[in-house]
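Visitor: Take this structure first; my questions come after.
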Amino acid sequence: MTLQEVRYQCRNNSNNISNNTQTSHNNQSPNRSTVGSKNNQRHHHCSNRNHRNTPTAKKVLRMAQAENESLSLKLYLQQRSWLPRPECPTEQQRKVAMKCLEMVLCQWASSLQSIRPTGQNKWQRPRVTLVSFGSYRLQAYRPDSDLDLLAVCPDSCSRGDFFSSLPLLLKSTAGIEDIHPIPMAYTPVIKMTVNGISVDLLFGKVADQSRLLEFQQRSLSPLLKSVVDANSTLQYMIEDFDLVGTDESGMRSLNGARVTQFILDFVPNLHNFRVVLCAVKEWATLHGIYSNSLGFLGGINFAILTAWICKKYPKRPPASLLMLFFRTFATWDWPDPVALREIQEEPPVGVAKMPAWNPGNNPRDARHIMPIITPVYPSMNASYNVGLPQQRRIQEEFIRAVFRMGRREENWRSVLDSTDFFERHANYLQITIRAGNSEDFMKWLQLCESRLRILIAAIDSGPEVSAWPFAQFMKRDFVPEGISDSSSEASVECAKEAVFFIGLRFAPGVESLNLKQYSSEFLYSHINSWEGRKPGMDFLMAHVLQQDLPFDLIEQYLKLEESLDTVRLTHDAGKEFRLDRSDIEVSSNAVESVDSGDASLVASSDHEGALYPTKRRRSNTLECEAADE
């Protein structure tokens, strides 16, 4: 609908309302009492009600503008590859990668069945089937996003085989590299790269093998390489009775796919949900609050929050839903939980009893500060990693997004603009993670990333300083000391580093701060104690003033003026703090350097030093009801 058509319709609606009102007045007798008969009164009230329900010119125009802005938002996300298109090369590449991996898994399962024969014909026994979940299944992913897969295996395969013999076969397969089995993780996983795509592969079994076989008989066998269909989207649906006989690790592996399936069935409009979810995830990434491992919110958390909004406002277009998303969760009364349905504590028939999220009975659950509850049994808090510093950052960004958008859908562009995080603080803690080659760098970075939450919590534990982490690792190559640019180009190309920043705000009246009290125990207990650490794996911390931040790393996050030659920050971020020692360096060859000297910040009062108070109140889960406002 064009704007001219909208204005024409608005004029017609206004004329009809005026004509109806005039006719109603003309039909009234001048000698009749104002009270009139009951029938006339009832007709008069119904007429007024119809007038109120008739869209006004302003409302119709606003609805048309919201639709236009929603279309602009969708096109913007697609142009920046934030919203996948069905015909895009990345989509086809992922489907081919899934087929390739499924063939390898079937070969692995066949080798185990030959060792442990079941007496069945190979066409009468189930094979391994891949089920996608997460961002790819929801169709809300970027080209560089991970591909989350669940391998539903037959009875002849065990979790021990999955993490022992399968990695050997994967390493001998062309196109599959960077294989890292993690069997002791909370949810055991094999990380790998398949045809250039990062894959997280989980192991799972289902109770009803006959149902799995029936599903596979309706699809082509991946062992027949000549008939691989890269466009196939049929996937096995995991039901409640598939959990029978499953342990806790297996149930956590299956529940990733079950949560995704539930969300896809729960939202009233999948298209609107996907557009809003992609916009929310990119907003969170740009503003440094998207990372489950660092104690922020991850993809499943934002998917549940977005599904809640889409269900509550089923008739709103994406641009309006995005505005309502920020307005709702900027004022959410945490720790009240966000749940798509009632807490699932009772198991389905035949399924073992598992602990579900229950803050009334479990003190550990009662300490969760930002609970977002999964909608399948057993209900769990998907955001249990969130700490107080991360919650402050998330709420701060929610509030800033509300002020940027206001009540106008067209302001979504300002929300997806660059962040001003590096303009808000005068002081930062810069953490640098280094390794001599790509393989060591990946292992070292994963280890440090998984433990940085401990350091952030330690810095924020005292009343003198509050930590404001930015959930982005900015990666680059670096030249090790003692190596010139021309002497060893190969070494220079292999050396990698990632930089992570934490904003520091100090309480009023704080004049000095000793960083050693926060760093020493973390370094010795959680970094240097890792058995897999090799020479060249370094972890360095340094205090950096705002004007000394590495511009080449943070350039993409800054709001620049018209000319790059005259870059200027938009506002004063408070008084500067000085550090007696510029670096606190910890490396495999110089661990003892932490003990030397006095690492302290000499500080004066910061106008942003006041800490945000956190209420501790628990109420019943707010259930989602379909409504439109």
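Cβ coordinates come from backbone N, Cα and C, glycine included.
Keep in mind that TrEMBL annotations are predicted by a computer and have not been checked by a curator.
Below are the features I grabbed from TrEMBL:
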- 12-31: compositional bias 'Low complexity' (COMPBIAS)
- 40-52: compositional bias 'Basic residues' (COMPBIAS)
- 91-207: domain 'Poly(A) polymerase nucleotidyltransferase' (DOMAIN)
- 272-402: domain 'Poly(A) polymerase central' (DOMAIN)
- 420-476: domain 'Poly(A) polymerase RNA-binding' (DOMAIN)
- 12-56: region 'Disordered' (REGION)
- 593-629: region 'Disordered' (REGION)
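Are these features on the surface or tucked inside, and what are their neighbours?
Guide: Model confidence over the domain 'Poly(A) polymerase nucleotidyltransferase' (91-207) stands at 89, taken as the mean pLDDT rounded to a whole number.
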Visitor: Mind checking how the domain 'Poly(A) polymerase central' (272-402) divides into helix, strand and coil residues in DSSP?
Guide: 61 helix, 7 strand, 63 coil
Visitor: Using DSSP, break the domain 'Poly(A) polymerase nucleotidyltransferase' (91-207) down into helix, strand and coil residues and give each count.
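Guide: In the domain 'Poly(A) polymerase nucleotidyltransferase' (91-207), the DSSP-based counts are 45 helix, 34 strand, 38 coil.
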